[in-house]
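What TrEMBL says about this one:
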- B:20-438: domain 'DUF112' (DOMAIN)
- B:20-39: transmembrane segment (TRANSMEM)
- B:45-69: transmembrane segment (TRANSMEM)
- B:109-138: transmembrane segment (TRANSMEM)
- B:144-162: transmembrane segment (TRANSMEM)
- B:169-188: transmembrane segment (TRANSMEM)
- B:200-220: transmembrane segment (TRANSMEM)
- B:321-342: transmembrane segment (TRANSMEM)
- B:354-378: transmembrane segment (TRANSMEM)
- B:390-411: transmembrane segment (TRANSMEM)
- B:417-443: transmembrane segment (TRANSMEM)
- B:464-489: transmembrane segment (TRANSMEM)
Amino acid sequence: MRVNISDLAAGAIFTAFGLYFAITAYTGLSIGTAFMMGPGYFPLIIGIGLVVFGLVIAAKAFGRTSEPFTWPPLTSVLMVAATPVVFGLTVRGLGFGPATALAAFVASLASREASWRFRLLLTAGLTLFCLAIFRFALNLPLPIIGHWLS
Amino acid sequence: MEFIDLLMLGFSHSLTPTNLFYCLVGALLGTLIGVLPGVGPTATIAMLLPITFSLPPLAALVMLAGIYYGAQYGGSTTAILLNVPGEATAAVTAIDGHQMAKNGRPGPALAIAALGSFFAGTIGTLLIAILALPLAALALKFGAPEYFSLMVLALVTSVALAHGSLLKAFAMIFLGLAFGMIGTDVYTGAQRFTFGNLQLADGVSIVALAVGTFGVSEILRNMESRQAERRLTAKVQGLLPSRDELRRSIGPVLRGTFLGSLLGVLPGGGPLLASFGSYSMEKNISRHPETFGKGAVEGIAGPESANNAGAQTSFIPMLTLGIPANPVLALLLGAMILQGIQPGPNVAVRNPDIFWGLITSMWIGNVMLVVLNLPLIGIWVRLLSIPYKALFPTILVFSSIGTFSVTGNVFDLYSIVFFGLLAYLLIKLGCEPAPFILGFILGPIMEETLRRAMILSNGDPLIFVQRPISATLLAFSAIAVLFVVLPMISNRRADIFVED
């Protein structure tokens, strides 16, 4: 049987989120009445709505073919996703300067086309640029070198 | 006259050296990202939102607005010269604009685009100034039921005018509404969907959500294919259009301005729909439709005026009703909230300096753009050689630091990744992210007005159809849905987006 993968997957995602919001609202929050709505009332409606939309979208997937997907290389996705995380994990400990350099380097790894020379130059340039803007122009109150290093 | 006084008040604020400076910065940045394909105004504004936190409120808004309409000017430059639309709105400009450039008239094509944009921008700004006060006064009479229905209408039209699956767009709105509810319930103080995480008590950070949804997802999309090298096909010599070209442009500019102004006000409309709509309109009414696609000046004048008019008038619902017409305006609304200004009809009364200052700054920004852009074309074109492998790390690192700087909350950085991956996946599955952020922004207000309306009516939902204004707004919403669902009309809707 032919199935449109995009619609099926989109429907599943919406249904899953809808179930999460509806069930959490129903079990964990007071619903109240239409006159005096509790914190769970509106979320419950929205959750149910999401489930309905999700199921209809998924149901319409059957009987239709899918179009092929093109995905970016997995390393690129991972490095892009890792950049904010690396910065978040190190900004308190290493300080603003090294955390920025590390994040810039991780981001530069996401590109397949960049050479190592390019990546190092970009890391250095981007670190200086961000230091200039955030630390000196905008006066972000963050130590450049963190307590892990001093 | 009160109107003139208010405009003067606005100019007295927008002409201060600080605000002129940020207006210029915004306009130049807007042009820059307009020129660069793969970097859109939504992602840029999301990225710069945190920085504006440290600026005075008016300067922040003036700069962000400048980025938005500046991008409309910049997008056409590369569309004409290189057949590379820097923005989606310039895609139709590329059709005839690039042909004109190939025919040896790149200068006049650029000049017509800039002049048309400027004329449309001026009219658009004037419209905001004229319509803002009456609309705000009307909105001030709205009670909770009317406000709720107004938001229903806004969300429904934003879906009806978007392209792609209607069901998916509605689902995206609901997903946005759901994420808007995360945090502390304002009535009872109950923690909702926070996983007991204190960092979610204030709700999802709009900066993190926007950076992820529009910045990270855009970067991932651009990584699917290798970036092609671009080459300049025509050298710009004379800028002056011929008398014939000018004469043929007048009609399209006027019609484009009218259509753009109209579509800009509608939620979900805005510059993109305006430029596509104007192109197909000019082609339909032209006595020489065969010249379109071969360098017809009408095909530049119309869409370029329409998209800039649309960009300007989309500020009207945001400034007067607190309802964003598209994601960019949603972020500007977010910027206002970050600055401690409560959006809605009261802005004009409580913050007239900001309200009129912003409106007048948009006209000043348009003047700057038309004066600066044409002489600087050489620089803009050279900027195209900045490789994407240098651009996207800059965007990523810059927005990470920026998001962190707003609250000093490391959790927001992880939210960027969550929303980036979710939005990218959903985009791949055919779900546009614009309705998601509109739902997220409007969610809390919708819930609050719904609860107030229900208290007002003793829990009777019929109040929404018994109050005449509310009933009218809901009737319009129903008509909008019908319009899209009816197959004949929806086929025509798809046609507007098909380029030939």
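Cβ from N, Cα, C; glycine included.
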Contact set, same chain, for the transmembrane segment (B:390-411): CB under 8 Å, 6 or more residues outside the stretch: 36, 38-39, 43, 46-51, 53, 197, 199-200, 205, 207-208, 211, 215-216, 219, 222-223, 338
Surrounding residues of the transmembrane segment (B:417-443) on its own chain - C-beta under 8 Å, 6+ positions past either end: 151, 154-155, 158-159, 162-165, 168-181, 204, 206, 208-217, 220-221, 267-268, 323-324, 326-327, 330-331, 333-334
Result, the transmembrane segment (B:20-39) in contact with the transmembrane segment (B:109-138) (3+ CB pairs under 8 Å): no
Model confidence over the domain 'DUF112' (B:20-438), averaged pLDDT: 88
Per Cβ pairs under 8 Å, the stretch of B:20-39, B:45-69, B:144-162, B:321-342 packing most closely against the transmembrane segment (B:200-220): B:45-69
Top partner of the transmembrane segment (B:354-378) among B:45-69, B:144-162, B:169-188 - counted as Cβ pairs under 8 Å: B:45-69
Stretch contact, the transmembrane segment (B:321-342) with the transmembrane segment (B:20-39), Cβ-Cβ under 8 Å, 3+ pairs: no
Cβ contacts under 8 Å made by the transmembrane segment (B:144-162) with residues that lie 6+ beyond its boundaries: 169-170, 173, 263, 266-269, 273, 317, 321, 323, 325-326, 432, 434-435, 438-439, 442, 445-446, 448-450, 452-453, 456-457, 463-464, 467, 469-471, 473-474, 476-477, 480-481, 483-484
